[in-house]
Amino acid sequence: IWLREYLKLNGLLTLSVFAVLAGCLLGFMLRGSHLSTQAKIYFSFPGELLMRVLKMLILPLITSSLMSGLSSMESKACCRVGVLTVTYYLWTTFIAVVVGILLVIIIKPGVGTEMDMTKNEKPEYKTDLVRILKVPRVTVQPNFVYIMPDDSGPTGRAVFLELTPPPEIHYKTRAGSSQQMNVLGIVIFSATMGLLLGKIGERGAPLVHLCQCINECVMKIINTAVWYFPFGIIFLIAGKMLDMQDPSTLGKKLGWYTITVLAGLFVHGLILLPFFYLILTRKNPFTFIRGLLQALVIALATSSSSATLPITMKCLLENCNVDRQIARFVLPVGATINMDGTALYEAVAAIFIAQVNDYELDFSQLVTISITATAASIGAAGIPQAGLVTMVIVLTSVGLPPDDITLIVSIDWVLDRFRTMINVLGDALAVGIIGHLCQKDFPRRPTGKNSHNMQNSVPMTALPLHKQDCCYDVLGATVNERPTIYYNICQV
């Protein structure tokens, strides 16, 4: 009996954990088979199908949840939730950056790491090009001196070169483009539409109910699709294992760097974030985290906080019992701008690259890295290895060579999965904290299978003027408020 109850409550989570372990084992077993590129693509197809299913649900979930959630909020409550959400996300992101900077300064993973070992085993020489004379045209006398490395002398050997003047170069600006979804733009548009629908009132009710129906349909699709996830996770993890370089070589080159990043993620995700939750809510944070284990496993497998968003929403509503309106607003915003793990990772990587290059960073440059990493993580997309793109901003801000990102690319796909878990955990804990701080603004409604049959009679004078997530039955001078869970377009 106890086994049946356990499988009923945690069967899907258990299958997902076994799927991660099976994927790692299968990937290591197939590494010696030397599959072709085409065979690897076919082998990874079930995992790619899992990613496509999750990405398919991002747009309807964000749009419907934000528009239906904000349309039923009062203006003051919406402003309070928005200010608290953004402030909390910025604060935790900055704390994550500080933790990463402290750890990388203490451990010093880049000291002693050789550059030639990480750049395709090719030695590089530094040469100086010293200009002697500036002339507009070709002359008889050489106008440049090129200092060549020479084994016989430490100062090198001078070679005179005659160079023609450089041609005139005209720069033109081109509009940038991206193949990824503009999640931040979708969040801003959906939030604005939700606020305006709440102010319109009855005229916007049809669209609000339509969004509620879409949201319920998406959740039902998620409840059905989650049973495919263990199968897809096996091939998703195994496919990445096949593309991985030799683990022993990576351990020698980037072992301390990996330990530093994982230690920072552990401190921030399992110590600081639960501590903030405990202080602000006076509740056990690990009880709350236990309900999020399914979402954390999916984050580990997919390495995408946006793709994990549907599962995180499901875990918060069903396992953690958070307020639906709070979750609809805080979670999509957090999946877009809250990247604690990415910010910590970028700060550690920037200082690691500086240590490898024997570049001393003063206090002002450390402050610049902390601010830049915080701002860059907000603009990072919730897709796999998006931190490498924003890493260029952090490196450029303190004068480090952006090309040295190649030093950490080989291990980035592994660390990306763990920092995605911290991003998802931070988003979910924020929903619990904001829900506790704003519970007076959003009184709890009865939930459960029979909640839609309960009725509370309220007089006409107590009828709220703002649109709510419920139905009203007018019987004479009395209005019966009937909370609903399953929305129907006929309610309009």
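Every residue gets a Cβ built from N, Cα and C, even glycine.
As annotated by TrEMBL, transmembrane segment applies to 12-30 (among others).
Marked as transmembrane segment by TrEMBL: 50-70 (among others).
Below 8 angstroms of C-beta separation, residues 256, 259-261, 263-264, 267-268, 272-273, 276, 329-330, 333-334, 337-341, 343-348, 351-352, 355, 366, 369-370, 373-374, 377-378, 422, 426, 430, 433-434, 437-438 of the same chain, each at least six residues beyond the ends of the transmembrane segment (82-107), sit close to that stretch. What TrEMBL lists as transmembrane segment is 82-107 (among others).
Within the same chain, residues 55, 58-59, 62-63, 66-75, 78, 207-208, 306, 329, 332-333, 335-337, 379, 381-382, 466-467 sit at least 6 positions outside the transmembrane segment (181-200) and bring their C-beta atoms closer than 8 Å to a C-beta of that stretch. The transmembrane segment annotation in TrEMBL covers 181-200 (among others).
Annotation source TrEMBL lists transmembrane segment at 221-242 (among others).
What TrEMBL records for 254-280 (among others) is transmembrane segment. Nonlocal intrachain contacts for the transmembrane segment (254-280), taken as residues 6+ away from its ends with a CB within less than 8 angstroms of a stretch CB, comprise 92, 95-96, 99-100, 103-104, 107, 109-110, 113, 118, 286, 288-289, 340-341, 344-345, 348-349, 352, 407-408, 410-411, 414-415, 418-419, 421-422, 425-426, 429, 432-433, 436-437.
Look at TrEMBL and you will find 292-313 (among others) tagged as transmembrane segment. Residues 12-13, 16-17, 19-20, 23, 50-51, 54-55, 57-58, 61-62, 65, 181, 183, 218-219, 222, 226, 229, 233, 236-237, 319-320, 327, 331-332, 335-336, 339, 381-385, 413, 416-418, 420-421, 423-425, 427-428 of the same chain, all 6+ positions outside the transmembrane segment (292-313), place their C-beta atoms under 8 angstroms from a C-beta of that stretch.
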Who are the chain neighbours of the transmembrane segment (221-242) in space, where the CB to CB distance is under 8 Å and they lie at least 6 residues beyond its ends?
12, 15-16, 18-20, 22-24, 26-28, 30-31, 35, 40, 43-51, 53, 57, 294, 297-298, 301-302, 310-311, 313-314, 413
Six or more residues beyond either end and a Cβ under 8 Å away: which residues meet both conditions relative to the transmembrane segment (50-70)?
78, 181, 183, 186-187, 190-191, 193-195, 197-198, 207-208, 211-212, 214-215, 218, 221-222, 225, 228-229, 232-233, 236, 298, 301-302, 304, 306-311, 313, 324-325, 327-329, 331-332, 469
